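For reference, the structure is listed below as structure tokens.
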Amino acid sequence: MFPFVPLSLYVAKKLFRARGFRFCQKPGVLALAPEVDPCSIQHEVTGAETPHEELQYLRQLREILCRGSDRLDRTGIGTLSLFGMQARYSLRDHFPLLTTKRVFWRGVVQELLWFLKGSTDSRELSRTGVKIWDKNGSREFLAGRGLAHRREGDLGPVYGFQWRHFGAAYVDADADYTGQGFDQLSYIVDLIKNNPHDRRIIMCAWNPADLSLMALPPCHLLCQFYVADGELSCQLYQRSGDMGLGVPFNIASYSLLTYMLAHVTGLRPGEFIHTLGDAHIYKTHIEPLRLQLTRTPRPFPRLEILRSVSSMEEFTPDDFRLVDYCPHPTIRMEMAV
């Protein structure tokens, strides 16, 4: 709903065109779209050239902008959304860190290591200089979730807790959960090593009994691993994908997780398959993503693991080196909270 008295269609069109939008007529729907129609932007591949895998992401953006359903959402900002999308990224010769904008690589590494520790304290991650969970751990946000009794930074039984202590009774972010619950991470490492053809090599963060205790229920909620020909591949199911900010981060995070698991189990990284449920673009991100769609992908970087480690707990941020990452400049987008 617009917070003003309805105007004639003619006047409304003039107002919105002045703000850089145009009206696109769809069957039964009058939708706003950017003045530069993203549907017209194409990234051509000529000859026998192998298409750049980042084009999958750009096509997803374009498809959502062109055909997305206009939906209300938890944040009140509003989104354009499509249901059910998939992309596949090879991990064999490169690492799928998007290049049409700079992705916060240090944040990807620090957040994943924080998950792997089982931590639920956003202040711990913030002390590393990665503040992506600060707003969700704020007093205001926790109170809005009915969690005003929690101290600032206590996110509840979110990703890391479910990965390392699934089923344990959550007390707070400061409690010691050693030996409590089911350690899914250790379980999948054991399966990959000892029963690699098992079809249950799954790690899941979606625990319905704990959802009301979480500052934010998991968006990327289930990953399954698959071993074939000495390679480890991963498929992620993500119920909710913020295409502007979250999805580029998630692609890198689960690709990194696959590299790490392959390293400790003596395998090679194979492929990352990313399956999205509600794939959406926040309306505040439309303009930045229009800019991103005008950019041509550059070669993906390579990822090197610099020392031999035998367990997931041994990894540190200094163990990873990104080689030849030359992205386009950063594109600023505000996080929807």
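For all residues, glycine too, the Cβ spot is worked out from N, Cα and C.
Taken from Swiss-Prot, the feature dUMP binding site applies to Arg74, Arg199, Arg200, Arg239, Ser240, Gly241, Asp242, Asn250, His280, Ile281, Tyr282, supported by similarity to another entry. Summarising the annotation, Swiss-Prot assigns active site, nucleophile to Cys219. Summarising the annotation, Swiss-Prot assigns (6R)-5,10-methylene-5,6,7,8-tetrahydrofolate binding site to Asp242, Ala336 and lists similarity to another entry as the type of evidence.
Feature annotations (Swiss-Prot) mapped to structure.
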residue : record                                                    : DSSP class
Arg74   : dUMP binding site                                         : coil
Arg200  : dUMP binding site                                         : coil
Cys219  : active site, nucleophile                                  : coil
Ser240  : dUMP binding site                                         : strand
His280  : dUMP binding site                                         : strand
Ala336  : (6R)-5,10-methylene-5,6,7,8-tetrahydrofolate binding site : coil
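Counting neighbouring Cβ atoms within 10 Å of each of the recorded positions (Cys219, Ala336), the lowest count belongs to Cys219. Comparing C-alpha positions, Cys219 (active site, nucleophile) sits nearest to Ser240 among the binding-site residues Arg200, Ser240, His280, Tyr282, Ala336. Taking the C-alpha positions, the distance from Tyr282 (dUMP binding site) to Ala336 ((6R)-5,10-methylene-5,6,7,8-tetrahydrofolate binding site) comes to 8 Å. Every protein chain considered, the tally of other Cβ atoms within 10 Å of the Cβ of Ser240 (dUMP binding site) stands at 19.
Scoring each of the binding-site residues (Arg74, Arg200, His280) by how many neighbouring Cβ atoms lie within 10 Å, the top position goes to His280. Per the record's binding annotation for dUMP, residues Arg74, Arg199, Arg200, Arg239, Ser240, Gly241, Asp242, Asn250, His280, Ile281, Tyr282 show a top Cα-Cα distance of 36 Å. Here the C-alpha separation of Arg200 (dUMP binding site) and Ala336 ((6R)-5,10-methylene-5,6,7,8-tetrahydrofolate binding site) works out to 34 Å.
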